[in-house]
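Working notes for the structure below.
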Amino acid sequence: MQINNICCIGAGYVGGPTMAVIAKKNPNIKVTIVDINEERIAAWNENDVSKLPIYEPGLAEIVKETRGKNLFFSTEIDKAIDESEMIFISVNTPTKTYGKGKGMAADLKYVELCARNIAKVATTDKIVVEKSTLPVRTAQAIKSILHNTGGDVNFSILSNPEFLAEGTAIQDLLNPDRVLIGGESQDAIESLANVYGSWVPQDRILRTNVWSSELSKLTANAFLAQRISSINAISELCEKTEANVAEVSKAIGMDSRIGPKFLNASVGFGGSCFQKDILNLVYIARSYGLNEVADYWEQVIILNDHQKRRFSDNLISTLYNTVSGKKIAMLGWAFKKDTNDTRESAAIYVADHLLNEQANIAVYDPKVPSKKVYTDLNYLQTRSENENKELVETFDNPYNAVKNAHAIAIMTEWDEFKTYDWKKIYDLMKKPAFIFDGRNILNKSEMEKIGFEYSSIGH
Ligand code: UDX
Ligand code: ADP
(Lines of atoms letter the chains of each structure in order from A and count residues from 1; the text may use other names and numbers.)
(Lines give C-alpha, C1' and ligand atoms only; values in the text may rest on other atoms or scores of the structure.)
(Ligands and ions follow the chains in the order given, each with its own letter.)
Protein backbone atom coordinates (compact mmCIF):
# COMPACT_ATOMS: atom_id res chain seq x y z
CA MET A 1 0.00 0.00 0.00
CA GLN A 2 1.29 3.49 -0.83
CA ILE A 3 1.55 5.49 2.37
CA ASN A 4 0.76 9.21 2.11
CA ASN A 5 -0.69 9.84 5.55
CA ILE A 6 0.53 8.53 8.88
CA CYS A 7 -1.26 9.02 12.18
CA CYS A 8 0.48 8.38 15.49
CA ILE A 9 -1.63 8.05 18.63
CA GLY A 10 0.39 9.17 21.67
CA ALA A 11 2.70 12.21 21.67
CA GLY A 12 5.13 10.93 24.28
CA TYR A 13 8.79 9.95 24.54
CA VAL A 14 8.34 7.30 21.84
CA GLY A 15 5.76 8.82 19.49
CA GLY A 16 7.21 12.35 19.44
CA PRO A 17 10.83 11.64 18.45
CA THR A 18 9.99 8.65 16.21
CA MET A 19 7.44 10.57 14.14
CA ALA A 20 9.66 13.65 13.95
CA VAL A 21 12.38 11.55 12.33
CA ILE A 22 9.94 9.70 10.03
CA ALA A 23 8.57 13.09 8.90
CA LYS A 24 12.04 14.53 8.34
CA LYS A 25 13.11 11.56 6.23
CA ASN A 26 9.83 11.27 4.29
CA PRO A 27 8.90 14.80 3.20
CA ASN A 28 6.12 13.38 1.00
CA ILE A 29 4.31 11.70 3.87
CA LYS A 30 2.04 13.78 6.09
CA VAL A 31 2.57 12.74 9.71
CA THR A 32 0.02 13.72 12.35
CA ILE A 33 0.65 13.01 16.02
CA VAL A 34 -2.46 13.03 18.17
CA ASP A 35 -2.96 12.84 21.91
CA ILE A 36 -5.83 13.14 24.38
CA ASN A 37 -3.65 15.38 26.53
CA GLU A 38 -4.40 18.92 25.30
CA GLU A 39 -1.66 20.49 27.38
CA ARG A 40 0.91 18.18 25.85
CA ILE A 41 -0.22 18.91 22.28
CA ALA A 42 -0.17 22.65 23.02
CA ALA A 43 3.41 22.28 24.28
CA TRP A 44 4.41 20.43 21.08
CA ASN A 45 2.95 23.35 19.13
CA GLU A 46 4.88 25.97 21.14
CA ASN A 47 6.60 28.53 18.95
CA ASP A 48 9.61 28.45 21.23
CA VAL A 49 10.93 24.91 20.64
CA SER A 50 12.93 24.99 23.86
CA LYS A 51 9.54 24.52 25.57
CA LEU A 52 8.62 21.20 23.91
CA PRO A 53 7.25 18.71 26.45
CA ILE A 54 10.16 16.33 25.89
CA TYR A 55 13.80 17.14 26.17
CA GLU A 56 15.90 15.10 23.79
CA PRO A 57 19.12 16.35 22.16
CA GLY A 58 18.50 17.21 18.47
CA LEU A 59 14.70 16.89 18.70
CA ALA A 60 13.85 20.61 18.82
CA GLU A 61 15.77 21.26 15.59
CA ILE A 62 13.89 18.53 13.69
CA VAL A 63 10.53 19.70 15.01
CA LYS A 64 11.34 23.24 13.98
CA GLU A 65 12.26 22.06 10.48
CA THR A 66 9.23 19.82 9.84
CA ARG A 67 6.38 21.17 11.97
CA GLY A 68 3.67 22.80 9.88
CA LYS A 69 5.19 21.31 6.70
CA ASN A 70 4.56 17.57 7.00
CA LEU A 71 4.55 17.11 10.78
CA PHE A 72 1.45 18.09 12.77
CA PHE A 73 0.40 17.85 16.41
CA SER A 74 -3.31 17.71 17.11
CA THR A 75 -6.04 16.62 19.53
CA GLU A 76 -8.39 15.74 16.67
CA ILE A 77 -7.82 12.03 17.02
CA ASP A 78 -10.73 10.71 14.94
CA LYS A 79 -9.96 12.96 11.99
CA ALA A 80 -6.32 11.92 11.92
CA ILE A 81 -7.23 8.23 12.15
CA ASP A 82 -9.70 8.50 9.31
CA GLU A 83 -7.31 10.35 7.00
CA SER A 84 -4.39 7.96 7.39
CA GLU A 85 -3.40 4.68 5.78
CA MET A 86 -1.04 3.77 8.59
CA ILE A 87 -1.63 4.28 12.33
CA PHE A 88 1.05 3.91 14.99
CA ILE A 89 -0.08 3.15 18.53
CA SER A 90 2.44 4.84 20.84
CA VAL A 91 0.48 5.18 24.03
CA ASN A 92 1.78 4.38 27.47
CA THR A 93 1.61 0.84 28.84
CA PRO A 94 2.48 1.18 32.53
CA THR A 95 2.62 -1.73 34.95
CA LYS A 96 -0.85 -2.52 36.31
CA THR A 97 -1.57 -0.93 39.68
CA TYR A 98 -4.78 -2.89 40.35
CA GLY A 99 -6.48 -6.26 39.91
CA LYS A 100 -5.03 -9.38 38.29
CA GLY A 101 -1.35 -9.04 37.53
CA LYS A 102 -1.05 -5.96 39.79
CA GLY A 103 2.57 -4.82 39.97
CA MET A 104 3.59 -7.26 37.19
CA ALA A 105 1.51 -7.23 34.02
CA ALA A 106 1.31 -4.32 31.59
CA ASP A 107 -1.82 -2.25 31.75
CA LEU A 108 -3.18 -2.38 28.24
CA LYS A 109 -6.25 -0.23 28.79
CA TYR A 110 -4.84 2.68 26.77
CA VAL A 111 -3.90 0.37 23.89
CA GLU A 112 -7.32 -1.22 23.96
CA LEU A 113 -9.03 2.18 23.94
CA CYS A 114 -6.99 3.12 20.88
CA ALA A 115 -7.90 -0.09 19.07
CA ARG A 116 -11.58 0.43 19.81
CA ASN A 117 -11.37 4.00 18.63
CA ILE A 118 -9.65 3.00 15.39
CA ALA A 119 -12.32 0.34 14.79
CA LYS A 120 -15.07 2.88 15.38
CA VAL A 121 -13.69 5.60 13.15
CA ALA A 122 -12.02 3.81 10.23
CA THR A 123 -13.81 3.89 6.90
CA THR A 124 -10.88 2.75 4.75
CA ASP A 125 -8.27 -0.05 5.08
CA LYS A 126 -5.59 0.60 7.70
CA ILE A 127 -2.23 -0.75 8.69
CA VAL A 128 -2.04 -0.60 12.49
CA VAL A 129 1.46 -0.58 13.92
CA GLU A 130 2.06 -1.35 17.59
CA LYS A 131 4.93 0.76 18.78
CA SER A 132 4.36 0.86 22.54
CA THR A 133 6.30 -1.72 24.54
CA LEU A 134 3.82 -4.50 24.80
CA PRO A 135 3.69 -7.98 26.22
CA VAL A 136 3.78 -10.84 23.79
CA ARG A 137 0.49 -11.58 22.08
CA THR A 138 -0.91 -8.06 22.32
CA ALA A 139 -1.10 -7.82 18.56
CA GLN A 140 -3.58 -10.68 18.76
CA ALA A 141 -5.76 -8.65 21.13
CA ILE A 142 -5.60 -5.59 18.90
CA LYS A 143 -6.45 -7.72 15.91
CA SER A 144 -9.42 -9.30 17.61
CA ILE A 145 -10.82 -5.90 18.70
CA LEU A 146 -10.36 -4.42 15.24
CA HIS A 147 -11.89 -7.38 13.45
CA ASN A 148 -14.82 -7.79 15.79
CA THR A 149 -15.79 -4.16 16.28
CA GLY A 150 -14.66 -2.56 13.04
CA GLY A 151 -16.91 -2.15 10.00
CA ASP A 152 -16.24 -3.42 6.54
CA VAL A 153 -12.62 -2.36 6.37
CA ASN A 154 -9.46 -4.42 6.36
CA PHE A 155 -6.90 -4.08 9.17
CA SER A 156 -3.32 -5.37 9.03
CA ILE A 157 -1.50 -5.45 12.35
CA LEU A 158 2.26 -5.00 12.58
CA SER A 159 4.58 -5.08 15.54
CA ASN A 160 7.39 -2.56 15.21
CA PRO A 161 9.05 -2.23 18.62
CA GLU A 162 11.02 0.86 19.47
CA PHE A 163 14.65 0.40 20.44
CA LEU A 164 15.53 4.05 20.97
CA ALA A 165 17.11 4.95 24.28
CA GLU A 166 16.12 8.26 25.83
CA GLY A 167 18.81 10.91 25.74
CA THR A 168 20.10 9.49 22.44
CA ALA A 169 16.71 8.96 20.77
CA ILE A 170 17.39 11.04 17.68
CA GLN A 171 20.75 9.41 16.98
CA ASP A 172 19.27 5.95 17.64
CA LEU A 173 16.44 6.69 15.22
CA LEU A 174 18.66 8.17 12.51
CA ASN A 175 21.12 5.32 12.71
CA PRO A 176 19.40 2.26 14.17
CA ASP A 177 21.26 -1.04 14.73
CA ARG A 178 18.15 -2.65 13.31
CA VAL A 179 14.47 -2.00 12.67
CA LEU A 180 12.19 -4.89 13.51
CA ILE A 181 8.90 -5.43 11.72
CA GLY A 182 6.70 -8.35 12.71
CA GLY A 183 3.54 -9.20 10.85
CA GLU A 184 1.48 -11.56 8.74
CA SER A 185 0.71 -9.48 5.68
CA GLN A 186 3.75 -9.16 3.40
CA ASP A 187 2.18 -6.15 1.76
CA ALA A 188 1.78 -4.33 5.09
CA ILE A 189 5.32 -5.27 6.16
CA GLU A 190 6.77 -3.87 2.93
CA SER A 191 4.72 -0.65 3.26
CA LEU A 192 6.33 0.02 6.62
CA ALA A 193 9.75 -1.17 5.43
CA ASN A 194 9.49 1.47 2.67
CA VAL A 195 8.87 4.23 5.21
CA TYR A 196 12.05 3.26 7.09
CA GLY A 197 13.80 2.49 3.81
CA SER A 198 14.11 6.21 3.06
CA TRP A 199 17.05 6.29 5.45
CA VAL A 200 17.68 2.81 6.89
CA PRO A 201 19.62 0.29 4.76
CA GLN A 202 17.40 -2.67 3.83
CA ASP A 203 19.72 -5.22 5.45
CA ARG A 204 19.05 -3.58 8.80
CA ILE A 205 15.29 -3.99 8.44
CA LEU A 206 14.38 -7.37 9.90
CA ARG A 207 11.11 -9.02 8.99
CA THR A 208 9.78 -11.60 11.50
CA ASN A 209 6.50 -13.05 12.68
CA VAL A 210 4.53 -10.95 15.15
CA TRP A 211 5.37 -13.00 18.24
CA SER A 212 9.11 -12.98 17.57
CA SER A 213 9.02 -9.23 17.16
CA GLU A 214 7.13 -8.64 20.41
CA LEU A 215 9.28 -11.09 22.37
CA SER A 216 12.51 -9.65 20.93
CA LYS A 217 11.72 -6.29 22.44
CA LEU A 218 11.19 -7.73 25.92
CA THR A 219 14.26 -9.93 25.56
CA ALA A 220 16.55 -7.11 24.38
CA ASN A 221 15.59 -5.00 27.38
CA ALA A 222 15.87 -7.95 29.76
CA PHE A 223 19.40 -8.72 28.48
CA LEU A 224 20.49 -5.09 28.79
CA ALA A 225 19.08 -4.74 32.30
CA GLN A 226 20.66 -8.05 33.23
CA ARG A 227 24.10 -6.70 32.34
CA ILE A 228 23.59 -3.76 34.70
CA SER A 229 22.36 -5.98 37.52
CA SER A 230 25.27 -8.34 36.90
CA ILE A 231 27.88 -5.59 37.18
CA ASN A 232 26.02 -4.05 40.13
CA ALA A 233 26.14 -7.41 41.92
CA ILE A 234 29.90 -7.48 41.36
CA SER A 235 30.14 -3.87 42.61
CA GLU A 236 28.97 -4.98 46.06
CA LEU A 237 31.60 -7.70 46.11
CA CYS A 238 34.25 -5.17 45.04
CA GLU A 239 33.34 -2.96 47.99
CA LYS A 240 34.09 -5.86 50.35
CA THR A 241 37.39 -6.70 48.69
CA GLU A 242 40.29 -4.76 47.20
CA ALA A 243 38.83 -5.00 43.70
CA ASN A 244 37.72 -1.91 41.78
CA VAL A 245 34.55 -2.35 39.71
CA ALA A 246 35.72 0.08 37.00
CA GLU A 247 38.81 -2.06 36.49
CA VAL A 248 36.72 -5.23 36.44
CA SER A 249 34.28 -3.69 33.89
CA LYS A 250 37.13 -2.67 31.63
CA ALA A 251 38.81 -6.04 31.90
CA ILE A 252 35.71 -8.08 31.10
CA GLY A 253 34.47 -5.60 28.45
CA MET A 254 37.63 -6.14 26.41
CA ASP A 255 36.57 -9.72 25.88
CA SER A 256 34.94 -9.30 22.49
CA ARG A 257 32.34 -11.92 23.41
CA ILE A 258 31.20 -9.70 26.30
CA GLY A 259 31.78 -6.21 24.83
CA PRO A 260 32.25 -2.91 26.67
CA LYS A 261 28.74 -1.38 26.69
CA PHE A 262 26.25 -1.32 29.56
CA LEU A 263 28.80 -2.28 32.20
CA ASN A 264 28.73 0.90 34.28
CA ALA A 265 27.98 0.09 37.89
CA SER A 266 25.38 2.52 39.22
CA VAL A 267 22.85 3.16 41.93
CA GLY A 268 20.49 1.09 39.78
CA PHE A 269 18.77 1.27 36.44
CA GLY A 270 15.58 3.26 35.96
CA GLY A 271 13.43 4.31 33.03
CA SER A 272 10.05 3.32 31.73
CA CYS A 273 11.15 0.12 30.00
CA PHE A 274 13.56 -2.16 31.84
CA GLN A 275 11.59 -2.93 34.96
CA LYS A 276 8.26 -3.00 33.17
CA ASP A 277 9.47 -5.29 30.40
CA ILE A 278 11.14 -7.73 32.76
CA LEU A 279 8.03 -7.82 34.94
CA ASN A 280 6.08 -8.64 31.79
CA LEU A 281 8.47 -11.40 30.89
CA VAL A 282 8.23 -12.81 34.41
CA TYR A 283 4.45 -12.57 34.36
CA ILE A 284 4.18 -14.30 31.00
CA ALA A 285 6.62 -17.07 32.03
CA ARG A 286 4.71 -17.66 35.26
CA SER A 287 1.39 -17.75 33.47
CA TYR A 288 2.75 -20.66 31.39
CA GLY A 289 3.92 -22.36 34.62
CA LEU A 290 7.59 -21.71 33.81
CA ASN A 291 8.60 -20.87 37.37
CA GLU A 292 12.36 -21.32 36.96
CA VAL A 293 12.34 -19.01 33.95
CA ALA A 294 10.29 -16.45 35.85
CA ASP A 295 12.55 -16.62 38.93
CA TYR A 296 15.66 -16.26 36.79
CA TRP A 297 14.55 -12.96 35.25
CA GLU A 298 12.92 -11.67 38.40
CA GLN A 299 16.32 -11.74 40.09
CA VAL A 300 17.46 -8.89 37.78
CA ILE A 301 14.84 -6.67 39.41
CA ILE A 302 15.47 -7.93 42.93
CA LEU A 303 19.14 -7.05 42.52
CA ASN A 304 18.24 -3.59 41.16
CA ASP A 305 16.00 -2.86 44.15
CA HIS A 306 18.75 -4.10 46.45
CA GLN A 307 21.25 -1.74 44.81
CA LYS A 308 19.05 1.32 45.43
CA ARG A 309 18.40 0.27 49.04
CA ARG A 310 22.09 -0.46 49.61
CA PHE A 311 22.97 3.05 48.40
CA SER A 312 20.64 4.80 50.86
CA ASP A 313 21.56 2.42 53.72
CA ASN A 314 25.23 3.18 53.13
CA LEU A 315 24.55 6.92 53.14
CA ILE A 316 22.63 6.69 56.41
CA SER A 317 25.18 4.51 58.19
CA THR A 318 28.07 6.72 57.05
CA LEU A 319 26.28 9.78 58.43
CA TYR A 320 26.58 8.22 61.90
CA ASN A 321 23.35 6.23 61.53
CA THR A 322 21.09 9.24 61.46
CA VAL A 323 19.98 11.63 58.76
CA SER A 324 17.08 13.02 60.76
CA GLY A 325 16.96 16.80 60.25
CA LYS A 326 20.08 16.69 58.06
CA LYS A 327 20.09 18.26 54.63
CA ILE A 328 20.98 15.85 51.84
CA ALA A 329 21.47 17.43 48.42
CA MET A 330 20.50 15.21 45.50
CA LEU A 331 22.11 16.16 42.22
CA GLY A 332 20.04 14.70 39.41
CA TRP A 333 16.47 13.43 39.46
CA ALA A 334 16.11 12.10 35.87
CA PHE A 335 16.68 8.35 35.37
CA LYS A 336 19.69 9.10 33.14
CA LYS A 337 21.38 12.13 31.61
CA ASP A 338 20.04 14.13 28.66
CA THR A 339 16.38 13.47 29.39
CA ASN A 340 13.70 15.12 31.51
CA ASP A 341 12.05 11.71 32.04
CA THR A 342 11.96 10.51 35.66
CA ARG A 343 9.98 7.28 35.35
CA GLU A 344 11.38 4.66 37.77
CA SER A 345 14.37 6.89 38.45
CA ALA A 346 16.58 5.56 41.25
CA ALA A 347 16.49 9.08 42.75
CA ILE A 348 12.81 8.70 43.66
CA TYR A 349 13.39 5.54 45.68
CA VAL A 350 16.57 6.75 47.36
CA ALA A 351 14.80 9.99 48.34
CA ASP A 352 11.90 7.98 49.69
CA HIS A 353 14.20 5.87 51.90
CA LEU A 354 15.94 8.97 53.20
CA LEU A 355 12.63 10.74 53.86
CA ASN A 356 11.53 7.75 55.94
CA GLU A 357 14.54 8.60 58.12
CA GLN A 358 13.31 12.22 58.32
CA ALA A 359 16.07 13.69 56.17
CA ASN A 360 15.61 17.05 54.47
CA ILE A 361 16.14 16.64 50.75
CA ALA A 362 17.34 19.36 48.39
CA VAL A 363 16.96 18.45 44.72
CA TYR A 364 18.65 19.97 41.71
CA ASP A 365 18.26 18.61 38.18
CA PRO A 366 19.12 20.60 35.03
CA LYS A 367 15.98 19.51 33.13
CA VAL A 368 13.38 18.16 35.55
CA PRO A 369 10.82 20.75 36.69
CA SER A 370 10.15 21.13 40.42
CA LYS A 371 6.53 20.01 40.05
CA LYS A 372 7.66 16.62 38.72
CA VAL A 373 9.80 15.90 41.80
CA TYR A 374 6.77 16.29 44.05
CA THR A 375 4.45 14.31 41.74
CA ASP A 376 6.94 11.43 41.70
CA LEU A 377 7.17 11.33 45.50
CA ASN A 378 3.45 11.81 46.05
CA TYR A 379 2.75 8.94 43.63
CA LEU A 380 4.47 6.52 46.03
CA GLN A 381 1.94 7.46 48.71
CA THR A 382 4.49 6.80 51.46
CA ARG A 383 3.59 10.05 53.22
CA SER A 384 1.23 12.97 52.79
CA GLU A 385 1.73 15.59 50.10
CA ASN A 386 2.20 18.16 52.84
CA GLU A 387 4.99 16.15 54.44
CA ASN A 388 6.76 15.86 51.08
CA LYS A 389 6.40 19.61 50.63
CA GLU A 390 7.88 20.20 54.06
CA LEU A 391 10.83 17.83 53.77
CA VAL A 392 11.78 18.34 50.13
CA GLU A 393 12.98 21.54 48.50
CA THR A 394 13.89 21.95 44.84
CA PHE A 395 16.45 24.36 43.41
CA ASP A 396 17.28 25.73 39.99
CA ASN A 397 20.90 26.27 40.94
CA PRO A 398 23.24 23.55 42.29
CA TYR A 399 25.21 25.88 44.53
CA ASN A 400 22.06 26.88 46.41
CA ALA A 401 21.02 23.25 46.68
CA VAL A 402 24.24 22.21 48.44
CA LYS A 403 24.37 25.13 50.90
CA ASN A 404 24.68 23.71 54.45
CA ALA A 405 24.14 20.16 53.22
CA HIS A 406 25.72 17.31 55.17
CA ALA A 407 26.00 15.14 52.10
CA ILE A 408 25.58 15.14 48.33
CA ALA A 409 24.09 12.16 46.52
CA ILE A 410 24.79 12.08 42.79
CA MET A 411 21.84 10.34 41.18
CA THR A 412 22.18 11.14 37.46
CA GLU A 413 25.31 11.25 35.30
CA TRP A 414 24.68 14.76 33.88
CA ASP A 415 27.90 16.03 32.21
CA GLU A 416 27.57 19.45 33.83
CA PHE A 417 28.17 17.93 37.29
CA LYS A 418 31.77 17.22 36.31
CA THR A 419 32.38 20.90 35.51
CA TYR A 420 31.25 22.33 38.86
CA ASP A 421 33.56 24.28 41.16
CA TRP A 422 33.80 21.48 43.72
CA LYS A 423 36.05 23.52 46.02
CA LYS A 424 33.29 26.15 46.24
CA ILE A 425 30.73 23.39 46.89
CA TYR A 426 32.93 22.00 49.67
CA ASP A 427 33.12 25.41 51.33
CA LEU A 428 29.33 25.78 51.22
CA MET A 429 28.66 22.45 52.96
CA LYS A 430 28.63 21.33 56.59
CA LYS A 431 31.78 19.45 57.66
CA PRO A 432 32.65 16.68 57.32
CA ALA A 433 31.28 16.99 53.77
CA PHE A 434 30.25 13.69 52.17
CA ILE A 435 29.72 12.77 48.53
CA PHE A 436 27.92 9.56 47.57
CA ASP A 437 28.55 9.21 43.87
CA GLY A 438 25.81 6.92 42.57
CA ARG A 439 27.12 7.24 39.02
CA ASN A 440 30.90 7.14 39.52
CA ILE A 441 31.39 10.36 37.58
CA LEU A 442 33.79 12.23 39.87
CA ASN A 443 37.45 11.57 40.53
CA LYS A 444 37.97 10.08 43.98
CA SER A 445 41.47 11.41 44.63
CA GLU A 446 40.57 14.94 43.42
CA MET A 447 37.55 15.02 45.70
CA GLU A 448 39.57 13.74 48.66
CA LYS A 449 42.23 16.35 47.99
CA ILE A 450 39.56 19.06 48.34
CA GLY A 451 38.56 17.53 51.67
CA PHE A 452 35.43 15.52 50.82
CA GLU A 453 34.63 12.13 52.31
CA TYR A 454 33.98 10.46 48.96
CA SER A 455 32.38 7.11 48.24
CA SER A 456 31.27 5.63 44.95
CA ILE A 457 29.76 2.40 43.74
CA GLY A 458 32.03 -0.62 43.79
CA HIS A 459 35.37 0.83 44.87
C1 UDX B 1 16.06 1.27 27.16
C2 UDX B 1 16.75 0.51 26.00
O3 UDX B 1 18.15 0.82 25.97
C4 UDX B 1 16.07 0.85 24.68
O5 UDX B 1 16.64 0.12 23.63
C6 UDX B 1 14.58 0.54 24.81
O7 UDX B 1 13.89 0.84 23.64
C8 UDX B 1 13.99 1.31 25.96
O9 UDX B 1 14.68 0.99 27.16
P10 UDX B 1 16.21 3.74 28.12
O11 UDX B 1 15.39 3.20 29.25
O12 UDX B 1 15.76 4.99 27.47
O13 UDX B 1 16.31 2.65 26.97
O14 UDX B 1 17.70 4.00 28.64
P15 UDX B 1 19.03 3.13 28.81
O16 UDX B 1 20.13 3.88 28.20
O17 UDX B 1 18.86 1.73 28.38
O18 UDX B 1 19.26 3.18 30.39
C19 UDX B 1 18.40 2.54 31.33
C20 UDX B 1 18.92 2.71 32.74
O21 UDX B 1 20.11 1.95 32.94
C22 UDX B 1 19.29 4.15 33.10
O23 UDX B 1 18.84 4.44 34.41
C24 UDX B 1 20.80 4.15 33.01
O25 UDX B 1 21.38 5.13 33.80
C26 UDX B 1 21.12 2.74 33.53
N27 UDX B 1 22.44 2.23 33.11
C28 UDX B 1 22.73 2.10 31.78
C29 UDX B 1 23.38 1.86 34.08
O30 UDX B 1 23.12 1.97 35.27
N31 UDX B 1 24.59 1.36 33.65
C32 UDX B 1 24.92 1.20 32.34
O33 UDX B 1 26.03 0.73 32.05
C34 UDX B 1 23.95 1.58 31.37
P1 ADP C 1 6.05 6.59 25.99
O2 ADP C 1 7.35 6.68 26.72
O3 ADP C 1 5.62 5.17 25.77
O4 ADP C 1 6.02 7.40 24.75
P5 ADP C 1 4.39 8.62 27.32
O6 ADP C 1 3.63 8.51 28.61
O7 ADP C 1 5.50 9.60 27.21
O8 ADP C 1 4.91 7.13 27.00
O9 ADP C 1 3.39 8.93 26.12
C10 ADP C 1 2.19 8.28 25.89
C11 ADP C 1 1.15 9.31 25.43
O12 ADP C 1 -0.02 8.61 25.00
C13 ADP C 1 0.68 10.28 26.51
O14 ADP C 1 0.92 11.61 26.09
C15 ADP C 1 -0.85 9.99 26.66
O16 ADP C 1 -1.61 11.16 26.88
C17 ADP C 1 -1.17 9.40 25.29
N18 ADP C 1 -2.38 8.55 25.29
C19 ADP C 1 -2.72 7.56 26.14
N20 ADP C 1 -3.89 7.00 25.80
C21 ADP C 1 -4.33 7.65 24.69
C22 ADP C 1 -5.50 7.53 23.85
N23 ADP C 1 -6.44 6.60 24.05
N24 ADP C 1 -5.61 8.38 22.79
C25 ADP C 1 -4.65 9.31 22.56
N26 ADP C 1 -3.54 9.46 23.30
C27 ADP C 1 -3.37 8.65 24.36
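Including glycine, each Cβ sits where the backbone N, Cα and C put it.
Please treat TrEMBL annotations as automatic predictions, because they have not gone through curation.
Database features (TrEMBL):
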- Cys273: active site, nucleophile (ACT_SITE)
- 10-15, Asp35, Arg40, 91-95, 132-133, Glu166, 273-276, Arg343: NAD(+) binding site (BINDING)
- 329-444: domain 'UDP-glucose/GDP-mannose dehydrogenase C-terminal' (DOMAIN)
Cβ neighbour count within 10 Å of Asn92 (NAD(+) binding site): 18
Whole-number Å value for how far the residue listed as 'active site, nucleophile' lies from Gly10 (NAD(+) binding site) (Cα to Cα): 16
Neighbourhood of ligand 2 - recorded positions from Gly10, Tyr13, Asp35, Cys273 with Cβ under 6 Å: Gly10, Tyr13, Asp35
Tyr13 (NAD(+) binding site): tally of other CB atoms within 10 A of its CB: 25
CB within-chain contacts under 8 A for Glu166 (NAD(+) binding site), separation at least 6: Tyr13, Glu56, Gly271, Phe335, Lys336, Asp338, Thr339, Asp341
Recorded positions near ligand 1 among Gly10, Asp35, Thr95, Glu166, Cys273, Gln275 (Cβ under 6 Å): Glu166, Cys273
Under 8 Å by Cβ from Thr95 (NAD(+) binding site), counting only residues of that chain that are 6 or more apart: Gly103, Met104, Ala105, Ala106, Asp107, Gln275, Lys276, Leu279
Which same-chain residues, if any, lie at least 6 apart from the residue listed as 'active site, nucleophile' yet have Cβ under 8 Å of it: Thr133, Asn221
Stretch-averaged pLDDT - the domain 'UDP-glucose/GDP-mannose dehydrogenase C-terminal' (329-444): 98
Residue distribution over DSSP helix, strand and coil in the domain 'UDP-glucose/GDP-mannose dehydrogenase C-terminal' (329-444): 46 helix, 20 strand, 50 coil
